[in-house]
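Just below is one structure, and these are the notes that go with it.
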Amino acid sequence: MIQVLLVTICLAVFPYQGSSIILGSGNVNDYEVVYPRKVTALPKGAAQPKYEDTMQYEFKVNGEPVVLHLEKNKGLFSEDYSETHYSPDGREITTYPPVEDHCYYHGRIQNDADSTASISACNGLKGHFKLQGEMYLIEPLELSDSEAHAVFKYENVEKEDEAPKMCGVTQNWESYEPIKKASQLNLTPEQQRYLNTKKYIELVIVADNVMVKKYTSNSTAIRTRIYACVNTLNLIYRAFNIHIALVGIEIWSNGDLINVTSAANVTLDLFGNWRRRVLLRHKRHDNAQLLTAIDFDGPTVGLAYGASMCDPRFATGIVQDHSKLDIMVAVTMAHELGHNLGMNHDGNQCNCGGNPCIMSATLNFEPAYQFSDCSRDEHWRYLIDNRPPCILNKPSITDIVSPPVCGNYFVEVGEECDCGLPARCQNPCCNAATCKLRPGTQCEDGECCEQCQFKGAGTECRAASSECDIAESCTGQSADCPTDDFQRNGQPCLNNNGYCYNGTCPTLDDQCISFFGSSKTVAPDVCFNLNLQGQGDFYCRRENTRIFPCAPQDKKCGRLFCVLGPTGNTISCQSTYSQSDLDIGMVDLGTKCGDGRVCNSTRQCVDVNTAY
């Protein structure tokens, strides 16, 4: 990485102190006008790219000179990043725009070890930076002098609405009383290595039709809003060694694809179902958030499912576009994603070093930028107990023509490792100045990396989760654990009570226990005869509003029926259903429906040898 030696600092113009102004961020009561001067790091005669990989700007804050170092967030977009919108006649249009030469940066202030920055350099400098423990915002001024910018503290932005804003989550999903600190978890070496392994979340953001109307159908403005928020989201989650890669956005330009309502819990339920049934079928991703301009009921500005990362339906959240400031919406995104990752709301005992905490139930008027000690411990406990598999899959790295940025924590083309800037790197395996492995080392991190060396071939790196799963072992040639694999579909399991399906052993009894509790068992055949009628909620298939009854041999592949143990001469057939998710209460695919037979995707009971 090219180092720039600043011999003298020459500011173009002395800053101007202003009292009040209307900016894109809102009404600002106290601000400075500054003229950031770019210090080029390019050698003389070198070609000037539109957006350089690294940049430095000089300006004054409170009369004191500062140097802002910026590095392009190369990992912001995945290789298969896509954008989807809808034509006036309802046709789905998906494009794959080039995003390598984007204008979104992370950074720091020179000589301030605790500083951070999230900046868009698309049209001037817009974003925020932390300087000497205080949060500042910067954005261009719409003046004839195009170099003029306003710098101001967040506290000087007039609040649009003084009413409190809150997350809609009202209960915890795990009860650890008291919360065990990380030091009290008695982690095994394997668990500690797992926690230290870099995680990746491939994210899709969906903008609803109210967003389209709010931004007057300006898709560029919507994209810019999303990009800026995810750039900040990425910076926030660096504290957990998690990289957020935006793999796609979808804009409901021709109307909402679900009923987006002011009742946040209803909207979240509908969005989760739509994501599972529709979005996942045409876009691979780990997590999805709905960004809406609708005003949720009460003080709610966001809602998410808890401890649900990688789940097809529940790895979702909804966020209200409630502030003009990108950082405030980004913090709400980070909060809801935190719920997916096992974090509860912070209690009075939780500490952020005197700063606002991201997982506070109430959104502070000052933007939170840190997770509390409680959030850290809850997140680690969730990871250890649940091992969500999707976050270990590294997204594809764009084949970038321009040189990679050494020091941005993201391993890019030509790099062997990247542990951040030399002043912050704490990894003994990596040379932070060159992003190459140190002599004699083989790896930086990974489930098959220990003390900078590949683990020996045959060392187990992922235990089998069930008899239908397969334990993975290191190859001795890579730091990564091989792709998660499982026993062949159709292999008998649970003493021939089921057949393996995608690493699990689905049975009717287990599904009854899941829905109704441990005292329930599968109902007798007479209950399943209701599926032969094809009426109401009892059927095998449904196409739009038309339902199809089960054939006699397929009746145990339709609606699931359960009973509460022996009940004398009376049989009470119990079933469940959901109007918002028609698959709930149906027999799971791959379930045994007879000797040597399983339910297939069309809910037919077929020979297990031909089912897969």
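Note that Cβ sites are derived from N, Cα and C of the backbone, with glycine treated the same way.
Going by what Swiss-Prot states, the Ca(2+) 1 site holds Glu202, Cys390, Asn393, and the candidate of Asp286, Asp311, Asp480 recorded there is Asp286. When Swiss-Prot records His335, His339 as binding Zn(2+), the matching candidate from His322, His345 it lists for that site is His345. Per Swiss-Prot, the disulphide partner of Cys443 among Cys435, Cys449 is Cys449. Between Cys493 and the candidates Cys505, Cys512, Swiss-Prot records the disulphide bond with Cys505.
Checking Asn186, Asn259, Asn502 against Swiss-Prot for the annotation N-linked glycosylation site singles out Asn502. The disulfide entry in Swiss-Prot for Cys468 points, among Cys435, Cys448, Cys500, to Cys500. Rounded to a whole number, the distance between the Cα atoms of Asn408 (Ca(2+) 2 binding site) and Cys430 (disulfide bond) is 13 Å. Within 10 Å (C-alpha to C-alpha) of Cys417 (disulfide bond) lie the following recorded positions from Val405, Cys406, Cys429, Cys435, Cys461, Cys500: Cys406, Cys429, Cys435. Separation of the C-alpha atoms of Cys557 (disulfide bond) and Cys350 (disulfide bond): 48 Å, rounded to the nearest whole number. With a cut-off of 8 Å between CB atoms and residues at least 6 apart in sequence, the same chain places Cys167, Gln289, Gly302, Leu303, Ala304, Gly317, Ile318, Val319 near Glu336 (active site), listed in sequence order. The Cα atom of Cys448 (disulfide bond) lies nearest to that of Glu415, taking the binding-site residues His335, His339, Val405, Asn408, Glu415 as the candidates. Closest to Cys527 (disulfide bond) in space, going by CA atoms and restricting to the recorded positions Cys352, Val405, Cys461, Cys481, Cys512, is Cys512. Excluding His335, His339, His345, which define the Zn(2+) site, the same chain contributes Cys167, Val169, Gly302, Ala304, Glu336, Gly338, Met343, Asn344, Ile358, Met359, Ala361 within 8 Å (Cβ to the Cβ centroid), listed in sequence order. Least packed by the Cβ count within 10 Å, out of the recorded positions Val405, Cys557, is Val405.
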